[in-house]
Amino acid sequence: MEEGFRDRAAFIRGAKDIAKEVKKHAAKKVVKGLDRVQDEYSRRSYSRFEEEDDDDDFPAPSDGYYRGEGTQDEEEGGASSDATEGHDEDDEIYEGEYQGIPRAESGGKGERMADGAPLAGVRGGLSDGEGPPGGRGEAQRRKEREELAQQYEAILRECGHGRFQWTLYFVLGLALMADGVEVFVVGFVLPSAEKDMCLSDSNKGMLGLIVYLGMMVGAFLWGGLADRLGRRQCLLISLSVNSVFAFFSSFVQGYGTFLFCRLLSGVGIGGSIPIVFSYFSEFLAQEKRGEHLSWLCMFWMIGGVYAAAMAWAIIPHYGWSFQMGSAYQFHSWRVFVLVCAFPSVFAIGALTTQPESPRFFLENGKHDEAWMVLKQVHDTNMRAKGHPERVFSVTHIKTIHQEDELIEIQSDTGTWYQRWGVRALSLGGQVWGNFLSCFGPEYRRITLMMMGVWFTMSFSYYGLTVWFPDMIRHLQAVDYASRTKVFPGERVEHVTFNFTLENQIHRGGQYFNDKFIGLRLKSVSFEDSLFEECYFEDVTSSNTFFRNCTFINTVFYNTDLFEYKFVNSRLINSTFLHNKEGCPLDVTGTGEGAYMVYFVSFLGTLAVLPGNIVSALLMDKIGRLRMLAGSSVMSCVSCFFLSFGNSESAMIALLCLFGGVSIASWNALDVLTVELYPSDKRTTAFGFLNALCKLAAVLGISIFTSFVGITKAAPILFASAALALGSSLALKLPETRGQVLQ
């Protein structure tokens, strides 16, 4: 009996050992399968876990960052690293095994970062509850961020710079191009849209400013959300809002609905600049960041060139239109508005193929997601360089301890909108708190200085770039008025006028039994004249007025001579029949003036190309501050040449000069803003500063254009003073060249 019992016990122990070994191997196979499924970016059947038979050839690592660097002690003991096995004492798989994440108790011995620098703690010491209850001190969090920044920079160097970054460059370039297009759309369509929508001068002014107002709101909104919800997600939503309402604005008929659509379109595109620069910078190593962010700025110029070229090619084609009665009209300028939404639509489609920023994942404690994205970057670049066999060696990356999370409530608590309301309030509170932290003791001085630089730059740049075309139009008007023909005291009887009268003044004339049929009047004025027994039929006019005139027994049939065109005039026994329908306001429509707007904008945006190239090549060589201050000083000097601009050609040349030298300061300012703030505040601060930029633009445009036709001294003085102040403030900012991204 006793011998049989011993045999039975031995059999049971052997069965348990076999079952345990089978379970172990089955678990490893499952993990390998998961790793291959998750490794969709490398497109090769490579597993990060070595076969057990190969353990002697590939010893397990002793730390949590690299493979293939095991210790002799582990080999002799027959033990495998938790970083590669992922089993506890009971042979259970723990969460994160497939990512190669070391267990907490295994990370305390000899952990090191990707560049070999020592690093204390387990799993970054961030999620195991160390530190005082209720959160740790700010000094500890600052230390964590510095360690993460150093390790992240080393990982980006290992990933290299190649196909992935260039693909992302063109994708984000489309989003930046959409922002450049948005700035020009309203200005290009106004000469045509004012007739269809019957826009007064105040309506046109509001339409021009509403876009900047929308972009100001959008920059602050999407910039704040991108630090909480993610760069890619917020950029997709903001571009979707822009494209949807840009599409609607091409079809709506009323001024109010068009204004509303352009406002929301501006809100959508407002998130483009803050998110795009922050997003792209987090995939760039330190030695590439300044140059490639400057190359990215070129897409804003391409957006302006695209808008000007499309306006030139589409709007003058009046045949590209249709109408359904008098209620609905779709003219060529609406086609232009539709075409201007294409960059945003294409950017949305391309952005869906790109991953979220790994730096955002790490800042929010999402280690596994960040690892997968960085592995995608590494494998994409290595395949493109002809080294597909190179393996991404990093297995563990530091993450930041999260002290606050979005409030979650049970699904059966209240209604769905109450739950969403709670989450929205929580998110809004976090965004606002993050914004206020930009004015905390650590960043208050930087933020205030950056506010001054952004405001002065935007005030002078946008003010002058809008003032230039207005000055050109004023010079055109002065030249046009100098060629006005005056006909005094003429007497005309029994004559039929069926041609065009343009740029003429008729004073003291007498017209008896005359017929004005199919006549077109453009910038014609009749003063102190008499019309008796005359007949007006199918007459169209623009900028035409009858001042102190008398009409006796005169008939007006199917004309657009509305009441406001008769200034202090008397109509005795005169009749108006079937007046033309449409806008009763006097609009100039499209013509040479509109072509000049397209041409000037095209040249002005194209002129920044040399400045873009120079700034990109020198950004990492001379530094951000020297580039910003030097370009601002050169822009300030170029302002003094404006006093010599007394002709159209001279003003166009000065516009190109100013744009060419000022673009370098904008590029440097964008790079500096990205590098001065940490990753958890980057888009929030950038969005706020960009919103301030749009506010300064509105003020600059309003002030500068008020001096058109009065004096050139005031705009020159304001712009020069603002640029000088901005350059002096810029020199007091810290230089960020050569620093890792915080």
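Glycine too: its Cβ is placed from the backbone N, Cα and C atoms.
For 1-169 (among others), the entry in Swiss-Prot reads topological domain 'Cytoplasmic'.
Annotation source Swiss-Prot lists region 'Interaction with SYT1' at 1-57.
Annotation comment: Swiss-Prot describes S80 (among others) as phosphoserine, evidence class a large-scale study or a structure entry.
Taken from Swiss-Prot, the feature phosphoserine applies to S81 (among others).
Annotated compositional bias 'Gly residues' per Swiss-Prot: 122-137, in sequence order.
Swiss-Prot lists S127 (among others) with the feature phosphoserine.
Within its own chain, the transmembrane segment (170-190) has Cβ neighbours under 8 Å at 199, 204, 207-208, 210-211, 215, 235, 239, 242, 246, 262, 265-266, 269, 272-273, 275-276, 279-280, 296-304, 306-308, 311, 315, 333, 336-337, 340, 343-344, 346-347, 350-351, 353-354, 597-598, 601, 605, counting only residues six or more beyond its boundaries. Per Swiss-Prot, transmembrane segment is recorded for 170-190 (among others).
Over the topological domain 'Extracellular' (191-205), the average per-residue pLDDT in this prediction is 77. The topological domain 'Extracellular' feature in Swiss-Prot is assigned to 191-205 (among others).
Marked as transmembrane segment by Swiss-Prot: 206-226 (among others). Same-chain neighbours of the transmembrane segment (206-226): 179, 182-183, 185-187, 190, 199, 234-235, 237-238, 255, 258-259, 262-271, 273-275, 278, 427, 431-432, 434-435, 683-688, 690-691, 693-695, 697-698, 701-702, counting only residues six or more beyond its ends whose CB sits under 8 Å from a CB of the stretch.
Feature annotation from Swiss-Prot assigns topological domain 'Cytoplasmic' to 227-233 (among others); the stated evidence is sequence analysis. Outside the topological domain 'Cytoplasmic' (227-233), and at least 6 residues removed from its termini, the chain residues within Cβ reach (under 8 Å) are 275, 278-279, 282, 351, 354-357, 360, 427, 430-431, 434, 680-684.
Under the heading transmembrane segment, Swiss-Prot lists 234-254 (among others), citing sequence analysis as support.
Residue counts of the topological domain 'Extracellular' (255-262) by helix, strand and coil are 8 helix, 0 strand, 0 coil (DSSP-based). Under the heading topological domain 'Extracellular', Swiss-Prot lists 255-262 (among others).
What Swiss-Prot lists as transmembrane segment is 263-283 (among others).
As a summary of secondary structure, the topological domain 'Cytoplasmic' (284-294) carries 9 helix, 0 strand, 2 coil according to DSSP. Swiss-Prot lists 284-294 (among others) with the feature topological domain 'Cytoplasmic'.
Here the transmembrane segment (295-315) has Cβ contacts under 8 Å with residues 169, 172-174, 176-185, 188-189, 192, 276-277, 280, 332-333, 335-336, 339-340, 343, 590, 594-595, 598-599, 601-602, 604-606, 608-609, 612, 615-616, 663, 666-667, 670 of the same chain, all six or more residues outside its ends. Look at Swiss-Prot and you will find 295-315 (among others) tagged as transmembrane segment, backed by sequence analysis.
If you look up Swiss-Prot, you'll see 316-334 (among others) marked as topological domain 'Extracellular', on the strength of sequence analysis.
In the three-state DSSP reading, Y480 (phosphotyrosine) counts as helix. Touching of the transmembrane segment (335-355) and the transmembrane segment (234-254) is concluded from the presence of at least three CB pairs under 8 A, sequence neighbours closer than 6 excluded.
Taking the Cβ of N548 (N-linked glycosylation site) as centre and 10 Å as the limit, one finds 14 other Cβ atoms among all the protein chains shown.
Sequence-distant contacts of the transmembrane segment (686-708) (same chain, six or more residues past either end, CB-CB distance under 8 Å): 208-209, 212-213, 215-217, 219-224, 226, 270-271, 273-274, 277-278, 435, 438, 450-451, 454-464, 466-467, 470-471, 474, 673-674, 677, 714-715, 718-719. Remark: of the recorded positions S393, N573, the most isolated position is N573 (fewest other Cβ atoms within 10 Å of its Cβ). On a Cα basis, N498 (N-linked glycosylation site) lies 84 Å away from S393 (phosphoserine). Taking only the Cα positions, the spacing between N498 (N-linked glycosylation site) and N573 (N-linked glycosylation site) is 24 angstrom. Count of Cβ pairs under 8 Å against the transmembrane segment (627-647): among 234-254, 263-283, 448-468, 713-731, the largest is for 713-731.
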